[in-house]
Amino acid sequence: MNSIEFPLFERTAQNSVISTTSNDLSNWSRLSSLWPLLYGTSCCFIEFASLIGSRFDFDRYGLVPRSSPRQADLILTAGTVTMKMAPSLVRLYEQMPEPKYVIAMGACTITGGMFSTDSYSTVRGVDKLIPVDVYLPGCPPKPEAVIDAITKLRKRVSRETYEDRIGSQQENRCFTTNHKFHVGRSTHTGNYDQGLLYQSPYKPSEIFFRYKSSVSSHELVN
């Protein structure tokens, strides 16, 4: 499960020459040094916390949880993301140094889950805010699934090129309170338009009473 396709070198050869590229050397050095920023807002985060114990021992993958986004290169989102928390999540992502990666953990993070059907304040997928590298479905995903997602991410890092990193930094997208895409300034440069996430606290009730008044009285009689 933890194997990455890289050539093994002969330890007995004393006068050997190793040739590689700077891109491959950079990828190899980052394989076992992913430092995640834990962003847990719901019950899925409890499953990730089980990896800290001795049974799964996620330290063997080089994962060192960080409390500051400036020291992390991986953010693991677990749980429901609301419109109120969306600016904070985007800002944390912006403060992470390049290259950086995102793992979306759980159904609520990927699609909004059961809260996305009738909730006006739930983001229907964290990929509407930040680019996601690995999707981890489940409600909640098991610790073994988290390990599998990290393994797949490490395999992607091993095949990454410099052009892929530049392309991921040029995406311009964000998500409004009406659950619509907005194409404008890049959300990864600190110029995120906070006004797109503003919603009047009286708007939901106004819509409700407007709908209630439009329904005739005979339709409410059984």
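The backbone N, Cα and C atoms fix where each Cβ goes, glycine too.
For reference, Swiss-Prot has these:
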BINDING   Cys43, Cys44, Cys108, Cys139  [4Fe-4S] cluster binding site
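Feature map: annotations from Swiss-Prot on the structure.
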residue	record	CB count, 10 Å
Cys43	[4Fe-4S] cluster binding site	14
Cys44	[4Fe-4S] cluster binding site	26
Cys108	[4Fe-4S] cluster binding site	28
Cys139	[4Fe-4S] cluster binding site	11
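Other residues of the same chain near the [4Fe-4S] cluster site, with their Cβ within 8 Å of the Cβ centroid of Cys43, Cys44, Cys108, Cys139, are Ser42, Ala78, Gly79, Thr80, Met105, Gly106, Ala107, Thr109, Gly113, Gly138, Pro140. Secondary structure from DSSP puts Cys44 ([4Fe-4S] cluster binding site) in a helix. In the three-state DSSP reading, Cys108 ([4Fe-4S] cluster binding site) counts as helix.
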